[in-house]
Amino acid sequence: MATELLPTRRALTPSLPERNAAKKTSDFRWRMLRLLLAIVVSVIILFPLYWMLVVAFSTRSDLLSGAVRLWPGTFTTSNFERVFNGFPVVTWFGNSAAIAVTVALITVSVNLLGGYALAHLKFRGSSVLFLIALSTLMIPVQVIMVPLFNLVTGLGLYGSYWAVILPTAASAFGLFLARQFILAIPTDLIEAARIDGAGNWRVFTRIILPLSKPLIAVLFFMSLLQTWNDFAWPLIALKQNALFTLPIGLLYLQGQFGSDYGGTMAFALLNVAPMVILFLVFQRYFVQGFARSGIR
Amino acid sequence: MSTASASATASIPGSVSAAAPSATARTVASSGRGGRRRRLWRANLAGYAFLTPNLVLLGLFVLFPLVSAVVISFEKTNGFGSGTFAGLDNYARLATDPVFWRSTFNTALFTALVTPLSMLLGLGAAVLLNSVLPARGLFRSILILPMAISGVATALIGVLVFDQNNGILDKLLRFAGLQTIPWQSGGAAAFTSVVLVTLWWRVGFNMLIYLAGLQSISPELYEAARLDGAGGWQRFRFLTVPLVGPSSFFLLIMNVIYSFQVFDIVFVLTGGGPQNATSVLVTYAYNNGFVTRDQGYAAAIGVVLLLITLVFTAVQWRASRTRDLVD
C-alpha cells in the first residue's frame, strides 16, 4: 500500500529538497529586488548631499557652464578661501557652538529636575501643570514671535546670545522624555534611600542622575542638534552680523553671493558637517530619542 | 484645612505617576493632622521647587507671549510701539485678504500632500529595512541622515537641484532631450519642489517611528499568518498596518503639526513665490510681523493658525478615543 502510494505522491508534489530549492530561488529573487530598491532609495537620499560636496569643490566657470558633469571638473578649494576671507565664519561657527551647547546644558538640567518632580514627587496640580507644559508643543514660534520679540527686547536681552538661548531652552518635549524615562526608575530604590534619610536633592543627585545617563545623552544630543539647526527664531532675534549662527549666516551669505553656488555650498558644508558626524557617531542616542518620542 | 487635604488626596488618582500608591500610603500612614499637613506641604514644596525652572522658562517664553499674541491680534499697531485696541479689525481684514486665503489654501494643500506621502513612504521604507537584507544598518543610517541637516541647508541643496537655469535636475532633463520644468516661475512646479524637498527631509523620521513600531510586533504573529496561508500583501494589510496603528496615529499628529508650521524650506527655497503660489500661513505671518511690521495683523494670522491646530488635535484626540473604545 505504502509503496504504491509513494510514487503518486511524488508525481503530484515536488519532494522536500526540490521545494526548498524553489523557495530558495524565489527568496533570493525577492532579496535581490529588496536590495535593489534599498539602493535606489539610498541614492535618492545621498545624491543631493553628494552634489553639495561636488559644487563646494568646483570652480565657478565649471558650475556656470551648461555641461552636465556629475563630478568636479577641476577640484578647487577656492570657494572655501572666498568664504573664509569674506565673512566672519569662525565667529559664526563659535556662536553656533556656544549657543547650542548652552541651550543643551540648560535644557537637560531643567528637564531632568522637572522630570523627577513629575515622575516621583506628589504635589497638587502636577498633572495639570504637565498637561499645560505638553500643550505648548503645539504652538509654533511664528504664533508668538511678535510678543516674544517685544519681551526679549523688554528684558534687555536683544543683542546678546541670551535672546536666542532662553526662548530655545524652554522645551516641553525634553520634559516629556525625562518624565517618561524617570518613571521607569523603580520607586523601591527611591523609597529605600528616603528611609535611609535622604532628602529629595540627595535622591536626585545620588539615584536619579546616575541611573539617567542614557536619558542625559539623548536629551543633550537632541537639544544640540535642534539648536544648531534652528532657523526661524534666530532669524528674528539675531540682527547683528557678529551674533549670527551658521544657518542665519548661510542665508545672509547666499543673499550676498547670489548665484555663486560654490561659495554658498562651501559654507553650507561647514553648517552640515559637524552635525552629520555627531549624528553618525552617536546615532544610537539620536535614534533612541526620536523613537522614544513615538512611544506614547 | 480639611478641604485642602481632601483635594490633595483627591488629586492623586487623577495623576498618572507610578509612585501614586506609595504616596497614598504615606499620606494615610502619617499620624496627626498637623504632621500630615506639614508632610503634604513639604511634598508640594519639593515638587514645585524641582519643576519651577522648566515651568518658568515655558511660562515666560511660550505661555506669556501666547496670551500677548491674542491681545495684540485685537490691536492696531504701528511699528514696534504699543498698539491701540481695534476690536476685530484685523480679523475682518483677514476675511477679505486674498493672500491670506491663498496661504491658508497652500498650508492645507501642503498638509494634505506631505502627511500621507511621508507616512506611506516611511512605512514602505520601514518594512523594507526591517526585512532580511544585506547591509541593513547602513541603509537605515543613510535614510535618517537628512534628519541631521538644517532646514536652511536642506532648502539650499534644494535650490541647487531645482534651479531652473542652473539646477542639476533641469540640466539632466535637457541632456536627455526632455522638457525642462520651470521650478521657479511656475506656481505648481514651485509647490511641487517644496513638497519634494520636504519629503526628502522628513521620510527618515517617519521611517524611524515605524521601524520602532514594527520591531515591537512579535514575529510569531507573522509565522501564524503564514501557516494560515496569508500572502505577503495580506500579511502587510491585515497584520502590519493595524499593528503599527499607534505609530501611525502619532505620526499623523506630528506630520500635520509640522506641515502647519512649515517655514525653513518655504522661506529659503521659494520665499513664498512665485506670486504667493507657495506662501503659507507662517511665512505670511513672518512677512507681516517683521517685513511690513504690521504686528497686530501678524498676530491675528498666528491666532488663526493656532485655532486650526487646536481644532485638528481635538478632532484627532476624539477620533482616537472612540477608536480605542470600539476596539
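Using N, Cα and C of the backbone, Cβ positions are placed for all residues, glycine too.
Because TrEMBL annotations are produced automatically, they should be read as predictions rather than curated entries.
Remember, it's a predicted structure, so these values are computed and weren't measured experimentally.
Sequence annotations record features per position, and here TrEMBL assigns domain 'ABC transmembrane type-1' to B:104-316.
Here TrEMBL flags B:1-18 as signal peptide.
Taken from TrEMBL, the feature transmembrane segment covers B:45-72 (among others).
Positions annotated as transmembrane segment by TrEMBL: B:108-129 (among others).
The annotation transmembrane segment is assigned in TrEMBL to B:141-161 (among others). If one looks beyond the transmembrane segment (B:141-161) by at least 6 residues along the same chain, the residues whose Cβ comes under 8 Å of a Cβ in the stretch are 125, 129, 167-169, 193, 196-197, 200-205, 207-208, 263-265, 267-269.
Proximity of distant same-chain residues to the transmembrane segment (B:181-201), defined by a Cβ-Cβ separation under 8 Å and at least 6 residues beyond the stretch ends, is recorded for 106, 109-110, 113-114, 117-118, 121, 146-147, 149, 151, 154-155, 158, 162-164, 167, 169-170, 173, 262, 265-266, 269-270, 273-275, 277-278. Annotated transmembrane segment per TrEMBL: B:181-201 (among others), in sequence order.
What TrEMBL records for B:236-258 (among others) is transmembrane segment.
Long-range Cβ contacts of the transmembrane segment (B:296-315) within its own chain (Cβ-Cβ under 8 Å, at least 6 residues beyond either end) map to 66, 69-70, 72-77, 83, 86, 90-91, 93-94, 100, 103-104, 107, 253, 256-257, 260-261, 281-282, 284-286, 288-290. Taken from TrEMBL, the feature transmembrane segment covers B:296-315 (among others).
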> What residues in the same chain, six or more past the boundaries of the transmembrane segment (B:108-129), come closer than 8 Å to it by Cβ-Cβ distance?
Replying inline: 136, 139-140, 143, 191, 194-195, 198-199, 202-211, 213-214, 236, 240, 244, 248, 251-252, 255-256, 258-260, 262, 280
> Going along the chain, which residues at least six beyond the ends of the transmembrane segment (B:45-72) come within the CB cut-off of under 8 Å?
Replying inline: 83, 295-296, 299, 302-303, 306
